[in-house]
């Protein structure tokens with residue numbers, strides 16, 4: 001009887017538990033529903049009902065203890081559930097991904113919606129019937145669990161021994177488990193994820209909320225039976241089904257709790273400890289998976305940020321890379337060009353919603369050229385890259401050209417459109433030549449601007465200057481009428497030019513790769529949307545162009561050179577290419593169009609004017625005359641060459657006969673002198689030798705002749721080249737002022753195209769002599785160890801004084817060694833016994849050997865001979881003749897730099913005047929001797 005009475009108290013105990021929990025079957029939001037892990041006791045009890053009936057005879061004290069422990073256990077679990085829910089809620093995305101992985105591993109497919117609804121209705125009917133049966137059984141005195149109750153799903157810690165079929169598991173009701181940490185995944189979690197700082201909606205490409213399945217356990221734990229999986233699938237169908245399922249769990253949990261109350265205290269404690277371990281394992285796995293998910297999100301964000309940093313947007317107008325909210329750098333979705341909103345005149349309210357404004361932007365942006373569907377050519381420069389603006393006449397110009405070229409105006413200053421070119425003077429087209437254009441055929445196209453530094457005469461195109469980083473803009477704080485200015489390379493800031501040049505190169509490389517990368521990144525739907533939007537813009541632009549009023553143009557048609565249009569030049573070059581005409585063989589003559597000797601203009605710019613037409617026909621007539629004249633001159637040249645060959649033969653014969661006569665004359669002169677001396681001895685008087693018997697007077701060579709003695713009295717009529725040893729093309733022979741040899745212009749190394757310019761203070765030397773000077777300098781620099789190293793060596797390399805060592809005084813009456821000759825005029829002479837030496841070509845090896853024997857002394861310049869002031873090698877120059885030093889400013893006229901140039905020598909003004917006086921004195925003496933000889937010849941006749 002006692003046992004039966006105790007057994008009857010199970011129902012009030014379960015009711016008291018429900019009242020203590022404030023449970024309401026209509027609202028189960030206070031609980032987190034999961035697997036029936038708490039019904040393990042009932043599951044075990046169902047396996048052995050006799051054991052439950054045997055345990056029903058426990059004392060009242062044991063029941064009270066059990067009730068208190070259950071209450072404490074429930075309170076602890078509620079606190080743990082709240083804490084775990086707060087930790088798990090930010091990781092909804094993680095749980096969803098884990099559920100998706102489990103579904104892929106299990107290979108389960110969701111059932112159709114209709115089948116699920118039918119199964120739900122059947123389960124609800126069964127639940128109602130079982131609820132009524134359980135109520136009636138609880139009211140009766142029976143202490144065992146009903147046989148119709150299905151077996152509970154066991155947790156992984158307690159293995160089950162019952163096996164059920166799939167149909168039984170589908171119809172199996174769910175159990176109420178208080179120890180299951182299972183958060184409710186509703187769509188409120190989407191808002192929480194969006195509120196997170198590191199959340200990006202584009203990273204959730206694999207998240208499909210419509211097919212989300214709610215899991216019963218974490219991915220780290222073992223899955224339950226098939227019945228559990230079916231229950232989980234049912235729970236993912238909607239919020240209403242979740243509430244119904246949780247309500248069913250409540251109905252089926254009451255008999256399980258009653259059966260659990262009949263167990264021993266030891267078994268209850270062991271089960272509680274096992275569940276606690278399970279709970280801690282769940283929390284650990286959830287925390288680990290949450291940390292892994294956070295690391296993955298951080299890695300994705302870093303990769304995305306690094307990818308964005310690799311493509312820093314640069315404005316193609318100002319070459320700046322600062323993008324602010326008030327002035328963003330926008331990118332065209334068609335051509336990929338990037339520009340600031342302010343630099344392009346984009347309206348921030350209507351046009352600034354572009355593809356690069358945000359990662360989730362929906363409105364594409366296009367530049368004006370893409371909207372009109374054209375590939376424009378600038379009217380002001382020959383370059384084709386960059387961003388364009390349309391003029392009021394339908395032409396196109398670079399926006400940077402319109403900003404920097406004077407005379408260009410805008411209809412709307414804020415939007416920088418339309419561009420007006422009629423206010424600019426047409427004479428500027430092709431007036432100046434660009435100094436930066438790589439192709440000289442485009443140097444006079446468009447309009448060139450000048451350097452803004454004072455009186456600088458450098459001219460260049462705007463876009464050519466932009467390539468070199470020479471464009472500048474005044475600060476916004478400065479109130480300047482024209483804030484855009486440009487400098488040449490000489491006057492531009494070096495650091496400013498460096499970073500602008502760097503940004504320009506980066507912009508060019510990015511624009512080439514951006515289109516390919518954007519096509520790869522964009523999906524076909526996004527690309528189709530962009531193309532559709534572009535077609536809409538082009539249709540609007542075509543409509544606006546047809547309805548746009550005509551721009552004002554001057555009444556008189558202004559002529560403009562055809563060569564000033566870059567597009568026309570390209571088309572003409574293309575035409576020449578198709579016709580098979582090479583455009584490289586025609587030199588570009590951009591010289592000034594000055595009049596020729598006969599008063600006719602040599603060249604006129606092509607234009608649609610009557611003046612150019614007259615010039616064109618006149619040029620054709622002149623071309624015919626020139627061709628006829630060339631044919632005549634060619635015939636004359638052939639005749640003269642034949643005559644020259646005959647004359648060369650006669651000349652050689654005459655030279656041979658002249659030498660014979662000179663030898664005979666010398667013999668006769670010596671015989672006459674002997675006879676005349678004999679007559680003097682006979683008479684005993686010293687007789688004057690007649691002029692006819694006198695030898696030709698030996699005279700000193702002038703300084704202009706370089707101090708060399710003539711080897712023969714034979715006049716030199718034809719000169720031979722020192723390299724090819726031929727005497728043709730006498731007009732192309734060039735005299736070296738150092739070695740006194742003649743050279744053809746084409747025989748030199750490197751060949752010359754024209755005669756070098758000589759002045760009174762400078763002269764020219766051949767490459768062989770110049771190489772000798774450079775070898776002298778190398779030997780000198782090898783011996784010197786100067787403190788200022790590089791600067792001193794560079795300066796001395798450029799100095800032309802490098803042939804005669806200063807410590808060796810010139811020796812009179814001796815010819816100096818040719819390998820050590822000076823660049824100045826030589827003062828040494830050849831004695832009479834050595835004057836018949838033949839001139840032998842010099843060899844490099846002998847010269848170098850002599851140089852090694854006689855190294856040149858160090859050239860130290862300390863005092864100016866004019867002002868007697870001190871100086872050094874930086875501000876003094878030494879004369880090659882008198883070896884005196886002069887300040888640059890003490891010369892007449894004063895100079896700012898050294899007058900010496902590489903390959904040329906230099907003498908002071910005094911030496912130049914003295915040499916001219918000596919030449920005059922020698923000429924006077926020669927004339928006097930000729931007059932004396934004439935006087936002596938006349939009385940004999």
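Cβ coordinates are placed from backbone N, Cα and C, and glycine is handled just like the others.
Taken from Swiss-Prot, the feature Zn(2+) 3 binding site covers 378, 381, 398, 401, and the record attributes it to similarity to another entry. Secondary structure at residue 381 (Zn(2+) 3 binding site), as computed by DSSP, is coil.
The Cβ of residue 491 (Zn(2+) 5 binding site) has 14 other Cβ atoms within 10 Å, all protein chains considered. Sequence annotations record features per position, and here Swiss-Prot assigns Zn(2+) 5 binding site to 451, 456, 488, 491 based on similarity to another entry.
Feature annotation from Swiss-Prot assigns coiled coil to 623-671.
Annotated compositional bias 'Low complexity' per Swiss-Prot: 36-47 (among others), in sequence order.
According to Swiss-Prot, the feature compositional bias 'Low complexity' maps to 133-166 (among others).
Residues or ranges marked as phosphoserine by Swiss-Prot: 26 (among others).
Annotation source Swiss-Prot lists phosphoserine at 84 (among others), citing similarity to another entry.
Residues or ranges marked as phosphotyrosine by Swiss-Prot on the basis of similarity to another entry: 199.
Residues annotated as phosphothreonine in Swiss-Prot: 280.
As annotated by Swiss-Prot, phosphoserine applies to 283 (among others), with the evidence given as a large-scale study or a structure entry.
Residues annotated as phosphoserine in Swiss-Prot, with similarity to another entry given as evidence: 291 (among others).
Annotated phosphoserine per Swiss-Prot: 295 (among others), in sequence order.
As annotated by Swiss-Prot, phosphoserine applies to 301 (among others).
Look at Swiss-Prot and you will find 523 (among others) tagged as phosphoserine, backed by similarity to another entry. On its own chain, residue 523 (phosphoserine) has no residue at least 6 apart in sequence with a Cβ closer than 8 Å to its own Cβ.
What Swiss-Prot records for 774 (among others) is phosphoserine, and it gives a large-scale study or a structure entry as the kind of evidence.
Taken from Swiss-Prot, the feature phosphoserine applies to 775 (among others), supported by a large-scale study or a structure entry.
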Selected stretch (most C-beta pairs under 8 A with the zinc finger (432-492)) from 375-408, 718-772, 861-914: 375-408
Mean per-residue pLDDT computed across the coiled coil (623-671): 91
Per-state residue totals over the zinc finger (375-408) - DSSP helix, strand, coil: 6 helix, 8 strand, 20 coil
Residues of the parent chain within Cβ reach of the zinc finger (375-408), under 8 Å, 6 or more residues beyond its termini: 316-317, 337, 339, 343-344, 367-369, 416-425, 428, 437, 439, 442, 445-447, 449, 461-464, 466, 471, 482, 484, 486, 508, 511, 545, 551-553, 565-567, 569-570
CB-centroid shell, 8 A cutoff, Zn(2+) 5 site 451, 456, 488, 491, site residues removed: 450, 452, 453, 454, 458, 487, 489, 490, 492
Residue pair residue 398 (Zn(2+) 3 binding site), residue 491 (Zn(2+) 5 binding site) - Cα distance, angstrom, rounded: 25
Cα separation, residue 451 (Zn(2+) 5 binding site) to residue 381 (Zn(2+) 3 binding site) (Å, whole number): 16
Shell list (Zn(2+) 3; ref centroid = CB of 378, 381, 398, 401; cutoff 8 A): 379, 380, 383, 386, 388, 397, 400, 402, 446, 461, 462, 463
Of 378, 401, 488 (the binding-site residues), the residue whose Cβ has the fewest other Cβ atoms within 10 Å: 488
Listed binding-site residues (381, 456), ranked by Cβ neighbours within 10 Å, top entry: 381
